[in-house]
Ligand code: ADP
């Protein structure tokens, strides 16, 4: 089975994907590295720009029939069997990206993306099998157990479990309000 782990930058994709792969005995593949390896990504100002269709072709050809956990914020756009969308309180995204040294603008962009369910919406647009997992206040072990539990019990779709509009007031400091 090919499982995508997606979500807003900073949500915990790499941490969870590696641990999930280890627990399931699957291979771990980082989509960014895979794209660069296949020549369908190029580095522009430290970020990788990817040709989605070309990358999907290589994923289909090389990963589809293997047991792989695919890590990346574009992995839900690939031909996978299951998409796991990780979610976290947008404040956590803001704090983690600040620690990573992202610019104020980049932090705001990503906090907003988490607030408005941007990746979830893209994922459900592309796939039927989408599982959303709220990682807030959970350890990586707990999150991975939750994912494995859902897979083992045959759950293929579970979406609509968080609503960050309820915590909007807490994340105002991170937002790019007033067209800044
Ligand atoms: P992503 O791949 O989505 O950008 P990372 O896996 O790199 O996210 O995680 C971002 C940061 O958050 C890392 O410092 C990681 O150790 C930490 N982290 C990830 N998941 C958790 C968690 N469940 N609890 C606490 N810290 C976490």
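Cβ atoms are placed via backbone N, Cα and C, with glycine included.
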Range among 9-29, 30-50 that Swiss-Prot annotates as region 'NMP': 30-50
Annotated range (Swiss-Prot: region 'LID') out of 88-98, 99-109, 110-120: 99-109
Candidate sharing the ATP site with 10, 12, 13, 14, 15, 100 (per Swiss-Prot), from 64, 138: 138
Helix, strand and coil totals (DSSP H, G, I; E, B; other) for the region 'NMP' (30-50): 7 helix, 9 strand, 5 coil
Most Cβ neighbours inside 10 Å, all chains, among the binding-site residues 14, 15: 15
